[in-house]
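Since the structure comes first, as structure tokens, the remarks are kept for the end.
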Amino acid sequence: MSTVILLTLTGLGLAALYFLIASGLSLVFGLAGVLNFAHGLFLSIGAYATWWAAPRWGLAVAVPLGIAAGAATGALVEVVLIRPLYKRPTEQVLVTVGLSLAGVALLQSVWGADPRTYPRPAWASEVTTIGSAQVPDDRFLLIGTAVVVLLALLAFLHKTRYGLIIRAGVENRDMVSALGIDVRRAFTLVFTIGGALAGTAGVLGGMYFGSVSPGQGASLLIFAFIVVVIGGLGSVTGSAVAAVVVGLLQQFVNYYGTAGAGDVSVVVLLALVLLLRPSGLARTAATA
Amino acid sequence: MKRFVPLLVLVALLALPYSTLPVPGLFEGTLNSPGTLQMLAICLVFGGLALGYDLLFGRAGLLSFGHALYIAAGAYGTDILVSHAHWPLWAAVAATVPAVAVLAALLGAVALRTTGIAFAMVTLAFAQVGWIVVNRDPGGLTGGEEGLPLDSAGLPAALVGVANTVNLYWVALAFLLLVVVVVHGIDRAPLGRVLTGLRDDERRVSVLGLSAYRLKLGTFVLAGALAALGGAVHALIVGGASPHLASADLTLSLIVMAVLGGAGTRWGAVVGGVVYAYLDQRLTQIGGGLPGPLGQPLFILGTLFVLAVYFAPGGLTGVLKRRGRLA
């Protein structure tokens, strides 16, 4: 029983990471139509910013700084690189591909390819006993953050004017433009939000894995892509549900099956979803 | 005159191993030194791999993010049969390539149910499984992160040893020529025009009574088989298979090669593949001497690529063509 509790909470912790990455990807794709390979770079930049700042100014400053660094990178990439290419979707993907290659190499040249030990608050290293299971506290940090982010995102999308524009844009971008609303401002906004969420995921991922390396973003990104497709492109709740399913499936199969079987089973799930329900779990890709 | 350029390049490539010319700056050592020949052989293999990928990407318009899977399958399949099962090389290749084609048919049959970005993600996910399997080293077969060195006992004597590097060069050149013949053959055949049609307007092709799905699947399988053969040749040249071949980064670099050279053009992908592989190896050689991020080949290549997307949309061949028209 204790194994099941531990696996569940660890799986949910992983799901929290996937959700933080996938929700940003999903919004960016849903609204702006950009498949963002540089999303992993936003994550790594956020993670490294916090890693760099923590010994200097402490975590209370470093964590917001990491999130802000992710957001700033997202906004900068949108304004400088993506915006000139809005009529050419393939080129947009290509630019983000080039950016992810160059960015990871840049991080590598500054901080080296080896993993660096990541700072974390002291209480996150302790364990809490639930039933008979000893659960590390960093799982709760991840899950708690993801739940807060999910609620905040939903509130933003459903209660604010910009949220309305984003939801409408995901559904029908041309119609929103035709009504005289500048959708491109919303593009910058979703890139910034996506960058901030990726930066958060980078910081939390560093604490969860205990280390940070330049390639970390890219390896998480692939599972985030899978979560986005399973959840339905453009749907935040879809991403949340898919992240939980993927995280739990991966943890349980990896534990009870052979090593690596969990990762493979996630891909099998993806294939099944695509065959049975090609538009993803959310079916309509616009219900945010 | 322009028609003879590929022919002249071919003659130069054929004459190259007999030249003792030193080319300072571009290569270390003379042209026919084993180091230079191996480097050139890798360039030629990547020229072929990039053109094979361009059959999907530039011609049929299929943005596959999982091409590395078939290259790795070819390399590891051949390597495992030679090094673990002690098959002769030709038999290992002859068994691996059709097996990979079957794999491509099975996975392609699923992936091609989707289109566009979803197709890209599904192929990426499938290839990721390959990467995971290779790294987990199931049953000691793949050698995990270390890769699997090719057991030279199973190779013909003419392909073993530093003195025989020139023969590896011939193998690489033969592979490139084969891919060029196949892909250019398709370009000239009605099939080539149908593939372009699929890229530009799939519905139109379907209206004409052709099965878009079957055509795309056939192309996917053919590209997979060419990739497998290229993977086997690559394993032969570098003396083994490494997990890097299965990584998503390899597929990304194939895309970079195709776009850098000029996707969908006759020679673009070949030029892109050769130039990319050359820069990647050469920058690694001299990288230690350069300051900061310039020491990272991928930083330079990634930046070049982003610049090319903005300022040279037709790639290198596009730039040359425009230059030619202006002159």
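Glycine is treated like the rest: Cβ placed from N, Cα and C.
Pulled from TrEMBL, these are the features on record:
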TRANSMEM  A:6-27  transmembrane segment
TRANSMEM  A:34-53  transmembrane segment
TRANSMEM  A:59-81  transmembrane segment
TRANSMEM  A:93-111  transmembrane segment
TRANSMEM  A:140-157  transmembrane segment
TRANSMEM  A:186-209  transmembrane segment
TRANSMEM  A:221-248  transmembrane segment
TRANSMEM  A:255-276  transmembrane segment
Long-range Cβ contacts under 8 Å made by the transmembrane segment (A:186-209), restricted to residues 6 or more beyond its ends, are 13-14, 16-17, 20-21, 23-25, 27-28, 31-32, 36, 39-40, 42-51, 63, 66-75, 77-79, 82-83, 86, 118-121, 124, 138, 141-142, 145, 149, 153, 162, 165-166, 169, 216-217, 220
Query = So, does the transmembrane segment (A:140-157) come close enough to the transmembrane segment (A:6-27) to give 3+ Cβ pairs below 8 Å, pairs being at least 6 apart in sequence?
reply = yes
Long-range CB partners for the transmembrane segment (A:255-276) (under 8 A, at least six residues beyond its ends), listed in sequence order, are 3, 7, 223, 226, 229-230, 245-246, 249
